[in-house]
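*Asks:* I have a structure here, written as structure tokens, and I will follow up with some questions on it.
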Amino acid sequence: MSQGDMKQPLLRSPRRPQGSLSDPGTDAPLVGILGTGDFSRSLAQRLLASGYRVVVGSRCPKRSSGLFPEEADVTTQQEAASQADLVFVGMFVEHYSTLSGLKEILAGKILVDVSNGMRINHDEPSNAEQLAALFPDSVVVKGFNVISAWTLQTGPRDGSRQVQLCGDNAVAKNSVAQLCRDMGFIPVDLGRLSSARDIENSPLRLFPTWTTPVLCALSLFLFFYLFNFLHDVLHPYITSGRNVFYKLPIDTVNVTLPAVAMVMLALVYLPGLLAAFLQLWRGTKYRRFPEWLDRWLQARKQMGLLAFLCAALHAVYSLCLPMRRSARYKMLDAAFRQVKEGRAVSWVEEEVWRMELYVSAGILALGLLSLLAVASLPSVGNSLNWREFTFIQSRLGYTALLMSTLHTLLFGWDRAFQPSQYHFYLPPTFMLALTLPCAVLLCRLALALPCVARRLARIRRGWERQRCIRFQLPEEERNGVEDISNV
């Protein structure tokens with residue numbers, strides 16, 4: 001690479017960072033950066049735009065000076081470390097040893113470790129802890145490792161606003177937290193430096209909150225797909241020799257997706273019902289739920305979005321059904337049979353009404369699911385108060401589940417009572433898909449009974465069955481007072 005190319009930034013942005021890069025003046029706080037990589041360059045631009053003075057320490061100042069804004073002072077590592085009281089260490093952990101000669105210069109100063117590991121760390125010391133061991137006289141704060149160079153350049157409005165921090169010195173953390181706020185980010189204090197391993201592992205985990213919901217959805221899809229294959233494809237081939245394997249790419253998938261969507265949507269509301277029944281059984285809200293139930297409750301958003309995805313895909317597949325070549329052949333065969341039989345009209349009133357009703361119910365269910373999905377977005381959910389958010393996610397959510405159940409019931413119509421629909425003695429797919437949603441709706445109806453709802457409301461307002469006494473008030477003081485009260 002030529003010397004001219006070396007002076008060009010590796011990370012380019014079509015626009016400058018928010019704020020002006022004019023000279024902040026000699027009274028502005030001075031922040032040091034050790035390292036000249038993409039992150040260090042973006043960090044320098046963001047600090048300058050936020051009103052800070054920046055000094056950058058490099059092993060080759062002349063070569064690196066062209067990579068940074070003119071307002072940044074690019075000098076040697078020794079000079080940068082000696083000038084600033086707060087220093088960002090923007091280099092990989094394997095290069096920390098090259099800073100060993102700066103121990104005396106960095107003594108008593110705040111070092112912000114922004115590094116990440118190459119793999120998830122389960123039991124080894126974190127990068128920040130290794131830096132603290134290398135500089136025992138300095139104060140190490142872990143932070144900014146969850147913010148990308150692109151986010152620093154484009155501004156917090158185009159990326160995550162939260163910066164996770166941890167450290168053993170409260171004063172140092174407050175200084176870094178104030179710097180975060182000045183840069184437009186939101187600091188989140190995660191405690192002592194021992195939490196650095198979790199902070200460093202967080203960018204390396206691929207959708208950690210989605211693992212269980214995705215596995216659940218894939219398992220349900222595989223189960224229903226195999227069930228539909230046995231029921232609708234393999235059965236006619238074995239019993240009558242009809243080859244309908246062409247159904248596997250579209251027909252079988254289209255029958256599988258709504259079943260998965262309904263079960264996933266039911267799984268969104270089932271843990272809340274289980275939690276309510278558990279509180280009723282215990283008679284208190286001050287006992288923790290089992291760990292499996294707690295994790296299930298935390299995964300409801302992801303399950304709901306996966307249910308919406310399956311429902312949307314089902315709608316797209318259904319719209320594509322008439323475009324298939326097989327559908328055209330079937331339409332031509334039906335028309336030929338009708339002409340051959342001499343039938344002028346093929347209208348079946350019952351089938352017409354059935355399809356009109358179940359398609360309408362399906363459209364309403366998908367519309368409600370779309371509203372739930374949009375309301376779960378942080379930008380939308382943060383604009384709603386708690387009552388509005390609860391109304392959408394609970395009331396409208398149960399309405400969406402009810403409409404989905406109605407859509408499936410209308411689709412099935414009377415086929416649940418036809419022996420010809422039970423292939424290999426297996427019920428139709430829609431009957432399996434209805435089992436859990438119907439159970440959830442019945443349980444929700446049971447909790448809505450006045451006697452049950454009142455007791456649950458009292459428990460959630462702090463009443464406890466095992467911590468109450470009975471007392472008798474004088475006749476003139478009984479008006480409006482219950483016979484049972486908390487101690």
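Note: Cβ is positioned from N, Cα and C throughout, glycine not excepted.
Take a look at what TrEMBL says about it:
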{"type": "REGION", "residues": "1-28", "note": "region 'Disordered'"}
{"type": "DOMAIN", "residues": "31-117", "note": "domain 'Pyrroline-5-carboxylate reductase catalytic N-terminal'"}
{"type": "TRANSMEM", "residues": "207-227", "note": "transmembrane segment"}
{"type": "TRANSMEM", "residues": "255-281", "note": "transmembrane segment"}
{"type": "DOMAIN", "residues": "259-392", "note": "domain 'Ferric oxidoreductase'"}
{"type": "TRANSMEM", "residues": "302-324", "note": "transmembrane segment"}
{"type": "TRANSMEM", "residues": "357-375", "note": "transmembrane segment"}
{"type": "TRANSMEM", "residues": "396-413", "note": "transmembrane segment"}
{"type": "TRANSMEM", "residues": "425-452", "note": "transmembrane segment"}
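I would like each feature placed in context: is it buried or exposed, what are its neighbours, and how far apart are things?
*Replies:* Mean pLDDT of the predicted structure over the domain 'Pyrroline-5-carboxylate reductase catalytic N-terminal' (31-117): 92.
Using a Cβ-Cβ cut-off under 8 Å and counting only residues 6 or more beyond its ends in the same chain, the transmembrane segment (396-413) has close neighbours at 258, 261-262, 265-266, 268-269, 304, 311, 354, 357-358, 361-362, 364-365, 368-369, 371-372, 428, 430-431, 433-434, 437-438, 440-441, 444.
Outside the transmembrane segment (425-452), and at least 6 residues removed from its termini, the chain residues within Cβ reach (under 8 Å) are 224, 227-228, 230-231, 255-256, 258-259, 262-263, 265-267, 269-270, 273, 276-277, 280, 398, 401-402, 404-405, 408-409, 411-412, 415-416.
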